[in-house]
Structure formats: C-alpha cells, structure tokens
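J.: One structure follows; several queries about it will come next.
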Amino acid sequence: MLFPILFFLLLGCFTSWLVIHFLLSIGFAQGNTAQPQHHHTHTGVIPRIGGVGLVFGFAVTYLLSFFLLDSQDNKSIVHYGVFVGGVGAFLLGFIDDLKPLGAKLKLLVQIAIGVLAYFCSLSIERLGLPFLQYSVELGPLALPVTVLWFVAIMNLINLIDGLDGLAGGVGLMLMVLLAYLGFTKAAAFPTILALGMSGAILGFLFHNFPPAKVYMGDSGAYMIGYVIAALSLSNSEKGAVAAALIAPILALALPIVDVGFALFRRGIKGLPLFRPDKEHIHHRLLRTGLSRRNTVLVLYGISLFALVGGLLMFANQGRFLPIFFGFAFVIILFALKGNNISAATIRASLDESFQMRQDTKNALFLKDWFIAEVDRCDTGQHLWSDFHFVLKKMGFCKARLVLGDEERSFFVPGTCHEYESELRHLVHEFRGEVPTSLELWGEQNNFSEQQFALVCDIAAEAWGNAAVRWQELNQAPLDMYAVAKEVESYRAQKVRNLYRPTY
C-alpha cells in the first residue's frame, strides 16, 4: 500500500509545483495579483495563481483514476459530481481573482454548485446522531442542508486564506484525514482523490509557505473547500451525517471558531458582518511579535490538535473523544487565565462594543462618502483635502499621511494635539505601487482604546479603498501630484470644475 500512497502524493505535488513554477516563469501572474490592503499581512503584490496548480493536480489525479479503477466504479455519477463541481468552484474563484465579482453573484453561483452536487448524489439525506443508532430523515430539507454544507465549507477555507501557508496547511490536514477515512472504508475513489489533492496542496505550499511567492486566491480556496465537502459526503454511508462528516468539522475547528467570533464581534459593534478586519487569530498572534512563519506554525499546531479530535471519532467507536474534549477545555481555561480574561472583562468589553455602535455608523457613513468623492476629485491634493475633512469629523485631532516621497499633515486647533501623553496614536501602512503610511492621533478623553482602534481601522480602510478607486478610474497610482484623467462627459467635467474643497 505504501507505493500507491507515495505515487499519488508525489504526482499531485509535482504537477502542482511545476504548473505554478511555469506560470511564474512566463509572467502569467501579471494582472492576477493580490494588492495589499490595510488588513492584509503580506507586504507586496503577490500573484493569486496557486489555484491553477491545484486544479491541474486535481485533474491529473482524477483522470488517472479511470485507468486504475474498474469501469463500474468510474461510471458513478458521484465521481462526475466531485470533478465537475470542483472545476466549477475553481472557475468561479478564478474569474473573481481576475475581476472581482459581487458577493451576491458569488453566493448564487456557490448555491448553484451545491445544487449540482445534490443532484449528483452528493447529498445529506439524513442526520445520524454520533454514538447512537438513530438517525433523522431530512426529507425536503435534504437539498437546503446539502447546499448549506457546500457553501459553508467553500467560504470557510476562503476566509482563513489571510496568512501565508495557513489555508493550504489546514486544507492539507483535512485531505490527509479524508484519505484516511476513505482507506478505512475501502473507498478507492475518494482515497485516491484525497491523496492527489494532498500532494497538490503540498506542491503549492512550496511556493506559499512564508514568505509567500503566490497565493491560492479564491480559485484555490473554493476548489479545496468543495473537494473537502464532496469527499466527506462520498465517505459517508447512504447520505447519513455520521463520523465521516463530523470528523472534518472537528478538524475545521480553528476556522469555524475564528469566523464565528468575527461575525459576533462585527455584529455587536455595528459593522458589516463580512467586512475584513485585523482582529482574526493570526492578526492577534502577529501583534504579539511572532513572525509570519512562527504564527502559521502555531496555527498548524492548533489545527493538528483539532485533527486528532477528528481521528478519535474512529478510535474504539469514539470512546476517547470525551477525554479529548476535556483536555481541550482545560487548555482553553489556561489560555484565558494566562491572558487575564475573566467574565468581568468579557462583560465590560461587550458593553463597550454596544456603546460604540453609533460612532461606528458615523465613521462608515463618512468612509462611503469619501470613496464616492473620488469620482469628483481632479487631483491627489484635493483628495487629501477631502480626507482631512473626514478625519476631523471622525474625531481625530492630528494626522500625518506619507504618500511616496510626499508628506501631508494637519492638526485641529483648540485640542491637546501637542501633548503626546494625552493622545492615543496608531499607524497604518499600505505597501503597493506607492508606499503609504497613515498616522492618526486622538485625545484620550474622546476615545477608549478599543474605540480608537476601530475608528482608525475604518479611516485606513477609507484611504486604501479610495486609492484603489482612483487607480481604477485613472489607470495611474495615487500621489499628491496625481491628476485625474479628463472626462468626455460635459456634465461630469462641469461637476469637477464646480467642485473645490474649501475646508
């Protein structure tokens, strides 16, 4: 058995590594890159072509399985559903990487992919309760539950793709688990595909481990998520959710907890639920002083611990699982105590978050207005004047913007802007074509620490999005001496001529 395992691992690994290496060498990545934003951890323009290598590794493994499996097994509509759905998820992400699609359109396509999987017999027909010989027939709910499963897993993998090597490493662990599940059930097809995908992800990680040369992009994240969801179902018996599905859920504990806390955190603060921020687990670890490499290794350790929980579902009929959960509970308690987190501090943080909702609403409104004003600005200096106005309205008493070789600053008269000891201070850096940094100061009497950090983040997001919008409109990076392209419409030019910031 060792030879087939190594063969498919190395086949997927070599194919993925070679395709990505070839694309980088011919410059295919140009125009398909991840521009750094204020919430990103990378510091350069990184190609988002990793998904191309992954889909080639996936396809080669799938096609080779036709020569190794008997003809009856190859005719299964489930197998066609795994391949067609995986390629469809890749194409959705690849198009989004080239030209960003709207969130609603992406969700509709993901739902369509989930429906396709359902009609290819990749479905959840009943819910089997762990450790009990009892199951609940879903009946007409089978379709929406199946679609929810596929959409959730695809987006979970995509949401954790915020740190070099993180999504790939978690995906690799899940594929190893699925290969093990397939092997224990003597299911040749899911075992072969899981091994091939494990190799493909490993080949991608050679290019993605910190410091990353490529990212998998939405194309790779959606495809990995779909394959995980599909192989989990193909490993289950007659569509019943038992250990074959619960084990991957346990192994995905890290992204599930991270995303769950992110949605809760944004909801109580009045932020859009899917707004990116710098409060994910990997952001917090980076702020402790860990390097990106050490941060991803810590997260690998957490994911590996969760993976052990998934494997224990099958050890002695899950008898060791309560011990695992008890051990995990003790670790969580020690972590909370070590960080001085108690019920009182949690309650105080929640109260403050609820009180911040109005300030958040005002800051988001100012951000949207500022981005809309980019269409009317005719110079970079005028855009800075608008931003100056926005920062004052947000409550900052002093700011400094460094844009390339140019620097602009302002302060609000009548404030204690000269007394650093009475101010809160944060710096945001943007590393794109024009290196940019934004320093903001606010009076301690006007902001709590949590409130100041949030409003600073919204202000940084406003400038970053405005700079991207300027480049889209004018096909040139933003700097203080940048001049907007002439518009052909007389009405649009008249609006520009009438518009001059006076504040």
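Here the Cβ of each residue, glycine as well, is placed from N, Cα and C on the backbone.
Heads up, here are the entries from TrEMBL:
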- 45-69: transmembrane segment (TRANSMEM)
- 76-95: transmembrane segment (TRANSMEM)
- 107-129: transmembrane segment (TRANSMEM)
- 141-160: transmembrane segment (TRANSMEM)
- ASN158, ASP218: Mg(2+) binding site (BINDING)
- 166-183: transmembrane segment (TRANSMEM)
- 190-209: transmembrane segment (TRANSMEM)
- 240-264: transmembrane segment (TRANSMEM)
- 294-314: transmembrane segment (TRANSMEM)
- 320-336: transmembrane segment (TRANSMEM)
J.: Counting other Cβ atoms within 10 Å of each residue's Cβ, which of the binding-site residues ASN158, ASP218 comes out lowest?
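T.: Comparing Cβ neighbour counts within 10 Å for the binding-site residues ASN158, ASP218 gives ASN158.
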J.: Short question: which residues 6 or more past the ends of the transmembrane segment (166-183) have a Cβ under 8 Å from it?
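T.: Sequence-distant neighbours of the transmembrane segment (166-183): 50, 157-158, 160, 189-191, 194-195, 197-198, 201-202, 204-205, 208-209, 216, 220-221, 224, 227-228, 231-232, 234-235, 244, 247-248, 251-252, 254-255, 282, 296, 299-300, 303-304, 307, 310-311, 314.
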J.: Given the cut-off of 8 Å on Cβ pairs that are 6 or more apart in sequence, determine whether the transmembrane segment (190-209) and the transmembrane segment (107-129) share at least 3 such pairs.
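T.: Judged by the Cβ rule, the two regions do not touch, with the required three close pairs absent.
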J.: Same chain only, please: residues at least 6 beyond the ends of the transmembrane segment (294-314) with a C-beta under 8 Å from a C-beta of the stretch. Say none if there are none.
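T.: 130, 163-166, 169-170, 173-174, 176-177, 180-181, 184, 209-210, 243, 246-254, 281-282, 285-286, 320-321, 324-325, 328.
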J.: What else in the chain is close to the transmembrane segment (107-129), if you only count residues 6 or more beyond its ends and a Cβ gap under 8 Å?
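T.: Counting only partners 6 or more residues beyond its ends, the transmembrane segment (107-129) has Cβ contacts under 8 Å with 77-78, 80-82, 84-85, 88-89, 92, 135-138, 142-143, 145-151, 154-155, 222, 226, 229-230, 233-234, 238-242, 245.
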